[in-house]
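Pulled from TrEMBL, these are the features on record:
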{"type": "BINDING", "residues": "B:G7, B:A8, B:G9, B:A10, B:V11, B:G12", "note": "NADP(+) binding site"}
{"type": "DOMAIN", "residues": "B:7-130", "note": "domain 'Aspartate/homoserine dehydrogenase NAD-binding'"}
{"type": "BINDING", "residues": "B:K106", "note": "NADPH binding site"}
{"type": "DOMAIN", "residues": "B:146-309", "note": "domain 'Homoserine dehydrogenase catalytic'"}
{"type": "BINDING", "residues": "B:E190", "note": "L-homoserine binding site"}
{"type": "ACT_SITE", "residues": "B:K205", "note": "active site, proton donor"}
Protein chains: 2
Amino acid sequence: MRLAVLGAGAVGRSVLDLADDYGHSVTAFADSGSAAVDPGGLVPDPVLRRKERDDVVGDDDPEAVFDADYDVLVEATPTTLGDAEPGFTHVRRALEADRHVVLANKGPVAERYDDLRALERESAGEVRFEATVGGAIPVLSAIHDFGPDHITAARGVLNGTANFVLSRMAAEGLDYEHVLREAQDLGVAEADPTFDVEGTDAALKCVILANVLNGGGFSLDDAEVEGITTVPTSALDLAAEDGRTVRLIGEARPDGVRVGPRLVPQHGTLAVSGTQNIVQLETTHAGRLNISGRGAGGPETATAVLSDVSRLE
Amino acid sequence: MRLAVLGAGAVGRSVLDLADDYGHSVTAFADSGSAAVDPGGLVPDPVLRRKERDDVVGDDDPEAVFDADYDVLVEATPTTLGDAEPGFTHVRRALEADRHVVLANKGPVAERYDDLRALERESAGEVRFEATVGGAIPVLSAIHDFGPDHITAARGVLNGTANFVLSRMAAEGLDYEHVLREAQDLGVAEADPTFDVEGTDAALKCVILANVLNGGGFSLDDAEVEGITTVPTSALDLAAEDGRTVRLIGEARPDGVRVGPRLVPQHGTLAVSGTQNIVQLETTHAGRLNISGRGAGGPETATAVLSDVSRLE
């Protein structure tokens, strides 16, 4: 497949880098201010070097991407809330041109799922978004394979930053502010960690899970969200005395989405450590199914994008 | 889809019971000595009651199954080694009639994978076998979705009986013989537990994984297999002092299949407890992926069969 990749962050760059490994080529690549287009397929290294050196990816205008020869638009621009723009417009333009769309950007799938599916119905193109939930973890494929009708709930740890902070607080007895600064120094937390520590990122992923399980109808407004910013170290100490610990757990059920700090068994399935993610599916006839792995990272998330692309063939 | 189900053990009976939930019907159902056939779809309860009461499923000869109207043959007869008969012949007859085949029987997939694929190439029917590895755990789908080329190894705990015995030995400090009898009393271990405790069952599953990852070429003869019958309780005690425990770990790599008792971290990902199964996939770009859940059981394994059937449409 020929890919047009929008977004030159960690995920977009890794898609450019790994596409060839999956038998695909990138014919257009854009960041917010520039684009590189080559109908024969871009060579990754020069583009990535130029991005690093000059903060541009090529000589074209980003608009050139939509006129390029491509089969699949990969939407990997930053997640935005509310109208999910400009991501949503990118997706709309590709679908209106009867192209497939693969999203790593959570915005359009969490905030405008029903609009997205309506556009898809009018298009010869398909929409896929495995990369939006749990990075490398193939949770949406698992739900699809299992049949959403046979899954009653999905819950799990879906934000690596919050999980790292809680794991470290519990292991070292350090307070939230201290561990957050440490995580920022290590590059695990962003300079502005609001999205992660206040639960918004986990909530968006749970909203996407709720949409997939229920056939749409959910946006961030429907989620009850509580972050980890007020979890005291003393609560973790108390939990540990009882063989438990605290994790930021998100849950998607037919009746809604909830995200918040929860007590879980210290060595139990949900107590993944560090930046790991886990999703637990409650099934009608087969008990609980657990899938865990790296929930973020450029190459990890790019594999989810490229697996989606491969499934379009 | 219309299913012909061969085998009236726990899995076959659950397929009959749950098929309707998945939008399918069972038009023929056979145990080793009898069959029930109804082109309009069998009603499960009378058939299952008759099996329980009289140990026959209907008035027809098992041979009638092959003349029935069906789209998919579900092969759920007991696993046999070597030539994997009579399962292999059942599969051959369905494929030669251009029908699809879904297997819960590990024999033909582990022992005669290349023969199976050769028959599939000559048929309009397809062959699927998610249920043969890890019960409810959708490990083969995950490998398929991820792309076998991007997975370098698969390992895990694939036998619930052996795992139950090792878990209990470690938790209670009891010896192997004692725990095995307890497991037999609980119905977790069979009266003849050889297949499970000597590692054969786990090895067959790993051989299937090796065949899927490598495109065939493996049978049980290629596996190095060691069971748990000689693991002393003292070894578990020593391991515990070091924060570790023992699990029967199977591994499939391009160069072969190995199954044996291994030391693993006591609270680590591979140390699932009780009858749980886990599979860990090593990926080229996305680290380790872990999938765990119920590795056996009638309804659990039947969901894998029925998901396979749904994927054929």
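Don't overthink the numbers, they just go from 1 along the chain as shown.
Every residue gets a Cβ built from N, Cα and C, even glycine.
In the structure shown, the C-beta of B:K205 has more C-beta neighbours within 10 angstroms than that of any other entry among the recorded positions B:K106, B:K205. In the three-state DSSP assignment, the secondary structure recorded for B:V11 (NADP(+) binding site) is helix.
Most Cβ neighbours within 10 Å among the binding-site residues B:G7, B:G9, B:A10, B:V11, B:E190: this distinction goes to B:V11. Annotation: no binding-site residues among B:A8, B:G9, B:A10, B:G12, B:E190 have CA atoms within 10 angstroms of the CA of the residue listed as 'NADPH binding site'. Cα of B:G7 (NADP(+) binding site) to Cα of the residue listed as 'L-homoserine binding site': a span of 18 Å.
Mean pLDDT for the domain 'Homoserine dehydrogenase catalytic' (B:146-309) in the predicted structure: 95.
DSSP assigns the residue listed as 'active site, proton donor' to a helix in the three-state reduction.
Cα to Cα, B:A8 (NADP(+) binding site) and B:E190 (L-homoserine binding site) are separated by 17 Å.
Residue pair B:G9 (NADP(+) binding site) / the residue listed as 'L-homoserine binding site' shows a Cα separation of 14 Å. Geometry remark: B:E190 (L-homoserine binding site) versus B:A10 (NADP(+) binding site), CA distance 13 Å. Counting only residues at least six positions away in the same chain, the Cβ atoms of B:V5, B:L6, B:F29, B:D31, B:V74, B:A76, B:A104 sit under 8 Å from the Cβ of B:G12 (NADP(+) binding site).
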